[in-house]
Amino acid sequence: MSGGAHATTGAAVVDGLGTDALRGLTGAEAAARRGRHGPNRWVVPRRVTFLRVLADEVTEPMMLLLAAIAVLYGVWGRLDDTVAVVVIIAAVVGVEVFAEFRAKSVIASLGELTAPTTPVVRDGSTVSVGVDDIVPGDLVPLAAGSRVPADLRLVETWGLRVDESTLTGEPVAAPKDAARVLSGDTALAERANLVFAGTTVVAGWARGVVVATGTATELGTLTGLVAAARPPRTALQQAMRELAGSLATLAIAFSVLVPLVGVLTGRPWREMVLTGLTLAFATVPEELPIIVSLVLGLGAYRLSRRRGLVRRLRAAEALGLVTVLATDKTGTLTCNRMAVARVEPAPGVDDDTLLGLGAACTETAPEPDGGWSGDPTDVAFLVAARDRGLPTPAEPVARFPFDPGRETMTVVLPAGASGTATVVTTGSPESVLARCAAPSPETAGRVAALAARGLRVIAVASRPASQVPATVGDAERDLVLAGVVALSDPPRPGAAEAVAAARRAGVRVVMVTGDHPACARAVAAEVGIDPDPVLTGRDLDGLDDATLAAAVASTPVFARVSPAHKLRLVTALQAGGEVVAVTGDGVNDAPALARADVGVAMGSSGTDVAREAAGLVLADDDVSTLTRALHEGRTLHGNLRKGVAYYLACKAGLVATVAAGVLTGMAVPFTPIQIVVLEMFMDIAGSATFAAEPAERDAMTRPPRAPGARFLDRALLGDLAAGAAALFVAVGGLYLVTTSQTVAFVGWLSGHLALAWVMRTERTPVLRAGLFANRFLPWWTVVTAVAVWVVTTVPVLRETLRLTPLTGPQWTAAVLVPVAAVAVLELRKAGRRRAATARPAG
C-alpha cells in the first residue's frame, strides 16, 4: 500500500525512493527493482484442471464404495450387474465434475482493470512499458483518458480530476493536487495527492511517482480481501455436514454387522457381504448433493426469468433466509451519474441563461451515441441544457482548466452580437463568490441549505470582456454571479419501492457507502431508509468488536467507509446471527460481496470484479429485481426443505426395511442391484419435483426464519419420521404376506410416489393444493408408472433387476396398500390446521 506518502511532500517521496525527479529511474535500476518487488500484477489463483477435479471425484468415499460393489459383482456375480453399477458411477461422476469445473475465479478479473502498457520516464526519456514492468520509483505521466497503472504520489498536477467511483463509491470525479500534504489518518477518498491503480483520469494532466505496485496497491489489497473472504455455512450446509457424519458411522456399522449376522444365521457369506456394502451405500446420502444442486438449479432458472442471474447455487438457498440487506449507495440505490437537481438563478437571470453558461464552462469529449465523456459534473450540465432545448455552446477561445487550489474553472466565449467576449467561471460557491464584484449575502444561506440536503452545489458567474484575458487572475475578477446549480446522483427508479418491500418482508435495510455522510443521509431519506444515526469509517476505527456488534444492530447508515470497513461490518452482522445480503457494483464492494451470505452485483453497470465476487447478478440493474429474488428465494428455500425431508424419509424407510430383513434373519425384500437402482435414480427425480412448487401466499409478508434455526426443524423431522414409518410398515407388510421381492419393489415405488404428493404441502390437504399447480409432479408420476410397467414386463429388464411377473391381485396390493399407508399422514396436516385455528390471535 501507499503507506504515508500522502502525509509527505512529493519531493520527499521522490528522494526517499531514490528517483531522479527529471530523468526517472535508469533501465538497469528498474530491472533490479522488478527483481526485488516482482511484476505489477495481482495473485492469480491456482488453475482448476479437469484431471484434478476428476481425480477428486473418483476418490470420494462413496464412489470408492460403489466401485468395490462393482468389483465384487464382477468376481462373484454377473457381468450385467457390474455394467449397471459402472454406468451409475459414470453418471454421478460426470455430473459432479461438470459442476466443479465450471467455477470461475474472482481474482483473475482484477487484472482486467489495468491497461497492457503505460508511459514512464526512464533514462530521461518517456517510453512505453508493460504494466507488469512498472516498479516503485518510476515516474509516470498521466493525461485525460489514462488508466492509472499503480498507486502514485503526485508530484505535478494541472487541473487533474480522477474517476475513483469503483474504488471509493463517490460518483463525482475527485480533484487532485500534488502540492497538498495531508494528515496520516486521512480517509482513502480524501487523499487528494494520491492516485490509485485501476482508476481513470477524466481531465487535466499530472506526473507521479510509483509508491506501490501489485498486491501492495489499494486494488491489490482488495485481491487479498476477496481471496480471504468466505461466506459462512448456510443452515443447509451445516445440516448436511452433521447428517453425513452420523450416517457415515451407521454405514460402517452396517458394512460390518450385516455380513456377521448373515454368517451367524447361516446365510451365504458372499451374498451378505454384498448386501452389507449395498446397505452401507444406501445409508449414506450420496445423492443428496445432486438433489440439492438439481432443486437449486431449477430455482436459479426461475430466478433468471425474473432477471436475477445466480452465479453460485448456495446464494439461491441463502436468499430465502436473508434478515439484513446491506446496500451500497452509488450505482445500486442511485444511478451512478450526476444530474441537475435544482437551478437557482440570481435576480434578473433566468434558468436557461444560468444552465447555458454552466454548459459552456465544461471540458468533455463527444461520444458516438450523442452523449459526452468527461467529468460527471460537466456532463450533467450538458445533459440538462440539451434536455431544455438549449443550443450547443460555442467553442471557447481560451480555457483555464479546473485547479484544486483555486476550485474554479474558467472559459472565454467568443464575441457575439454585442462584440464582446464573455468570461464564464464555475466552481465551489466559496471560490466563485470570492471572485465576484458584489456577492449577494443571501447566496451563502441558499448554498448551505442545498449542501445540507446532500447536494453538490456549483456556482456560475460571468462578465463581459473587451479582450481575451491572458492569465487566469485577469479572467477571474469582477465577476457577476449568475446563480447556483445543485446536482445529485439521483435514486434509481423503484429504489424506494424495493426498500419498502424488503422492510414489509421483515428484512432490515442499511446503507453502506464510501460517499460523504451528508449525501448518504439525504439519499437514505429519499429511498425510505432511516437517515440517522450515521457512522463513518473513522468512527468504526475507534470501535472494538464488541462495541461494533452493538453499533451495527442499531445504525442504518454507514458513510465514508473503505472496503476493509465494509468487510468488517458484514462480518459483525453475521457474528450477531444475521443472514446478510450485500449489494454493490464497484471494485470497492468486492470483498464484502464475497463474504456476504448473498452477494448481489449490478449486471450492466457493475465492474467485472463485483460480478465475479457476487453470488447473484441483477441483469437489469433494477434493485426491485432483488425484492423479487427474495420472494423466489423464500419459495425455493421452503421447497428445498420439503424436498430434502422427502428424500431422507424415503432413504430411512428403505434402510429400515432392508436392515429389518437382515437383522431378524428373514429374507431381504430387495436385491442389491434393486437397492442401487432405487437409490440412484428414483429419489433424485422425486425430490427434484419439489422445486416446481408454487410460492406461498404470505412469502413476502411474513418475517424470515429466525437466524440460527435448523434447516430440518422439529416439525419437518416429524414429517420425515412419519413418512419413513409409513413406507416401512406398508412395504414390510407386503413382503411378509407375499414373500415377493417384485411386489415389494412395486409397492415401494407406489408409496414413494404417494409420499411425494403428501409432503409437497405442510398444512394444505393434497386435494386442495391443486393437482397441476406443480407442473413436474404429475408428469413424474406418469413416467414412473410407465417405467414400473416396462421393467416388470420387458424380459431383459425384468431379468436384469431380478423381477418376476405379477398377478392382478398382487398389482392391486402393491399399489393400494402403500398409498393408503401414506395417506394417513394427511391426519398430521389436519392436526396442524386445528392447532393454528385454535391458537389465539396475536
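For all residues, glycine too, the Cβ spot is worked out from N, Cα and C.
The domain 'Cation-transporting P-type ATPase N-terminal' feature in TrEMBL is assigned to 4-78.
For 58-76 (among others), the entry in TrEMBL reads transmembrane segment.
According to TrEMBL, the transmembrane segment annotation covers 82-99 (among others).
Annotation source TrEMBL lists transmembrane segment at 243-264 (among others).
Summarising the annotation, TrEMBL assigns transmembrane segment to 288-304 (among others).
The transmembrane segment annotation in TrEMBL covers 644-667 (among others).
Per TrEMBL, transmembrane segment is recorded for 673-695 (among others).
Annotation source TrEMBL lists transmembrane segment at 716-736 (among others). Residues 641-642, 645-646, 648-650, 652-654, 656-657, 660-661, 667, 669, 743-744, 747-748, 751-752, 755, 758-759, 762, 813-814, 817-818, 820-822, 824-825, 828 of the same chain, all 6+ positions outside the transmembrane segment (716-736), place their C-beta atoms under 8 angstroms from a C-beta of that stretch.
Residues annotated as transmembrane segment in TrEMBL: 742-759 (among others).
Taken from TrEMBL, the feature transmembrane segment applies to 779-797 (among others). Listed by sequence, the residues of this chain that lie at least six past the ends of the transmembrane segment (779-797) yet keep a Cβ under 8 A from its Cβ atoms are 682, 685-686, 689, 742, 746, 749, 752-753, 756-757, 803, 805-806.
The transmembrane segment annotation in TrEMBL covers 809-827 (among others). Residues 719, 722-723, 726-727, 729-731, 733-734, 737-738, 740, 742-743, 746-748, 750-751, 754-755, 758-759, 765-766 of the same chain lie 6 or more positions beyond the ends of the transmembrane segment (809-827) yet place their CB under 8 Å from a CB of it.
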Across the domain 'Cation-transporting P-type ATPase N-terminal' (4-78), what is the average pLDDT of the model, as a whole number?
75
